[in-house]
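Chemist: Quick one: the structure is below, questions incoming.
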Amino acid sequence: MPEQSPLTSALDVAEGDPFGPHNLPYGVFSTADAPERRRVGVRIGNHVLDAGAAALALGSPYAQLLAQPSLNPLLAAGRTAWRDVRRALTAWVTSPAHREDIEPLLHPLGAVTLHLPYEVADYVDFYASEHHATNVGRIFRPDGDALTPNWKHLPIGYHGRSGTVVVSGTDVVRPSGQRKTPADAAPVFGPSVKLDIEAEVGFVVGTPSELGKPVGLAEFRDHVFGLSLLNDWSARDLQAWEYVPLGPFLGKSFATSVSAWVTPLEALEEARVALPARDVPVLPYLDDSDEEEAGGLDLRISFSINGVVVSEPPFSTMYWSAAQMLAHMTVNGASLRTGDLYGSGTVSGAETGQRGSLLELTWNGTEPIELPTGKRTFLEDGDEVTLTAWAPGPDGTKVGLGEVSGRIVGRG
């Protein structure tokens, strides 16, 4: 077994721990003795390093970025600062020379409260999985084409509601709204009876862009800081009644859950993979055939209900890349702001056990799944949904992407 650094050994971080020094995701935390004081933290094993206090203790020039109540100052600092701060953090947690300064600033993960790590500016959600879009098309248009004519020409998306983005662990209140089944003579109002999840990956924008200036594919890494797991909660019955002609509204806007940890793109170099083969040519602003870096990411997601894994969606199958989503989102001149968040859309693979929503897993409620607590078509009050994920890391390690969880509660 390779020799570990003294700090890693002192923290009891096993070789290959998915939250080892090769990962170092960012978050925001508080402690029981100072619950109102939010601090930028970096996860190392099962501990959280107070990054701002570490920067101050070591006289680091990055203290002004890290000694903050949110990640926004770091996000806005740009790609060079992101790289330099990450290098400094890696040195702090691996070098024996820094051990005396760093160890007192470590907090057990179970002893802190995690918060939404950045102030969300705008929120956009895409529909980038061909398998998901095909399944949905077959469910709702069984006699027509599964994919709409535009689907392979552009990444379809919609603007969501940034004010209802919540951190992992936040309860989700069952939404109410209008719904109408084909058998109903008129719409009725009440709690959703088809509450669902969407297993997604969210991308966090750091550097803003100028209004009127599109962001090209090659500029993706200059603007996007990192990613988090995301659950786009969906009320399918509300959505089905309202979405024509303008798309999702109340069926989506009630809650979106994100992980408390943001994994920097730099930690995911080993996870880069080619996108699936394309059979329809795209317009030049979406054409990544000449890009040096592979646009896909090998992220392995696990979706569980009440602790039982029901699906394992593979992000590597996504048809559109995060860079293509960003390019399309800004091609009309729409500007980016620090803290913008955009979701990939439901991640689904080719197999039944790789579907990222209950809509697909139960085929719109016609094929219930079995849980120890009984059959499920859609979520019931008290159900807790958890998404976890990992990606390949250097030297055969894994990069943990944390988790995003939420429990359904009835409206009081």
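Just so it is clear, glycine is given a Cβ too, placed from its N, Cα and C backbone atoms.
Note that TrEMBL annotation is computational and uncurated.
The model shown is predicted, which means the values in this text are computed figures rather than measured ones.
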Chemist: Per TrEMBL, which of ASP101, ASP122, ASP125 sits in the Ca(2+) site along with GLU198, GLU200, ASP232?
Modeler: ASP125
Chemist: So TrEMBL lists TYR127, ARG141, GLN239, TYR243 for substrate; which of THR31, THR346, THR352 goes with them?
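Modeler: When TrEMBL describes the substrate site, the candidate it includes is THR346.
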Chemist: Spatially speaking, which of the binding-site residues GLN239, TYR243, LYS252 is closest to GLU198 (Ca(2+) binding site)? Use C-alpha to C-alpha, please.
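Modeler: Nearest in space to GLU198 (Ca(2+) binding site), counting only the binding-site residues, is LYS252.
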Chemist: What does DSSP give as the helix, strand and coil breakdown of the domain 'Fumarylacetoacetase N-terminal' (22-117)?
Modeler: 46 helix, 28 strand, 22 coil
Chemist: Based on the record's binding annotation for substrate (TYR127, ARG141, GLN239, TYR243, THR346), what whole-number value in Å is the widest Cα to Cα distance?
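Modeler: Between the most distant Cα atoms of the substrate site, 19 Å.
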Chemist: If we check Cα distances from HIS132 (active site, proton acceptor), which of the binding-site residues ASP125, ARG141, GLU200, LYS252, THR346 wins as closest?
Modeler: THR346
Chemist: My understanding is the cutoff is Cβ-Cβ under 8 Å with a sequence separation of 6 or more in the same chain; which residues meet that for ASP232 (Ca(2+) binding site)?
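Modeler: Non-local contacts for ASP232 (Ca(2+) binding site): ASP125, GLY160, ILE197, GLU198, GLU200, LYS252, THR256, GLY343, GLY345, THR346.
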Chemist: Considering the recorded positions HIS132, ARG141, LYS252, which residue's Cβ sits among the greatest number of other Cβ atoms within 10 Å?
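Modeler: The residue with the densest Cβ neighbourhood is HIS132.
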Chemist: Sequence gap of 6 or more, Cβ distance under 8 Å: name the residues on the same chain that satisfy this around TYR127 (substrate binding site), in order along the sequence.
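Modeler: Spatial neighbours, sequence-distant, of TYR127 (substrate binding site): ALA133, TRP151, PRO155, ILE156, GLY157, GLY345, THR346.
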